[in-house]
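Marked as substrate binding site by TrEMBL: Arg11, His12, Gly13, Glu14, Thr15, Glu16, Trp17, Asn18, Arg63. Under the heading active site, tele-phosphohistidine intermediate, TrEMBL lists His12. As annotated by TrEMBL, active site, proton donor/acceptor applies to Glu88.
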Amino acid sequence: MSSRREIYLIRHGETEWNAAGRFQGILDSRLTEKGVAQAEAYGRHLATVSTKIEKLVASPLGRVRETTAIIQSFGRFPEAQWDHRIAEVSVGSWDGLTHADIEAQWPGLLNGSTPFDWFFRSPDGETYDAAMARVIEWLDSLSGVVLAVSHGLTGRLIRGAYLNLMMDHALSLPVPQDVIWRLADTRIEPIRVS
């Protein structure tokens, strides 16, 4: 394996709950037709990358397993290593709920939150510090050319940790499902695939 570290980071394809505005956290729903097409676009593009992908690391959650299997059907990828450190952030009892559900069941708890930091206000969810610690541990363990298949919020944390961003900046990073993020040489380059 090379001593250089280069990461191709993607978010799983769109799921039924993404389309319905439900926050999945560590729960799962299937990919939509659009999500399958997004995963296929990832696979087609990644199969043409001139740099050989040496390692494929993915969250063990079902939507990522489904996305990863589709990507791997395009051929030239190593066997996936399932790593809980890049699983989605758990929002505890909020997993599977919509924003309206949360507001109805926990009135006022989201008051004063930003569009991004509310994820970490769940009374029994994962904290920002805990989630960031596992992401940093994962990043520090990598070498070579890695394809990482993860999630929206965790993908923000990975990119934020890579660039050493403050919490509010990390949490406001975009989370499209049609972009491969290339992390190399202390820079992040978006590669649109659709």
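Glycine too: its Cβ is placed from the backbone N, Cα and C atoms.
Curation does not apply to TrEMBL; its annotations are automatic.
Arg63 (substrate binding site) falls within a helical segment according to DSSP. The substrate site is defined by Arg11, His12, Gly13, Glu14, Thr15, Glu16, Trp17, Asn18, Arg63, and by the 8 Å test on Cβ atoms against their centroid, the other residues of the chain that qualify are Ala19, Gln24, Ser29, Leu31, Thr32, Gly35, Gln177. Burial estimate for the recorded positions (Arg11, His12, Thr15, Arg63, Glu88): highest at His12, by number of other CB atoms within 10 Å. All protein chains included, Trp17 (substrate binding site) registers 21 other Cβ atoms within 10 Å of its own Cβ. Cβ contacts within 10 Å of Gly13 (substrate binding site), excluding its own Cβ and spanning all protein chains shown: 28. A straight line from the CA of Arg63 (substrate binding site) to the CA of the residue listed as 'active site, tele-phosphohistidine intermediate' spans 6 Å.
Taking every pair among Arg11, His12, Gly13, Glu14, Thr15, Glu16, Trp17, Asn18, Arg63, the residues listed as contacting substrate, the largest Cα to Cα separation comes to 15 Å.
Following the DSSP three-state reduction, the secondary structure of Trp17 (substrate binding site) is helix.
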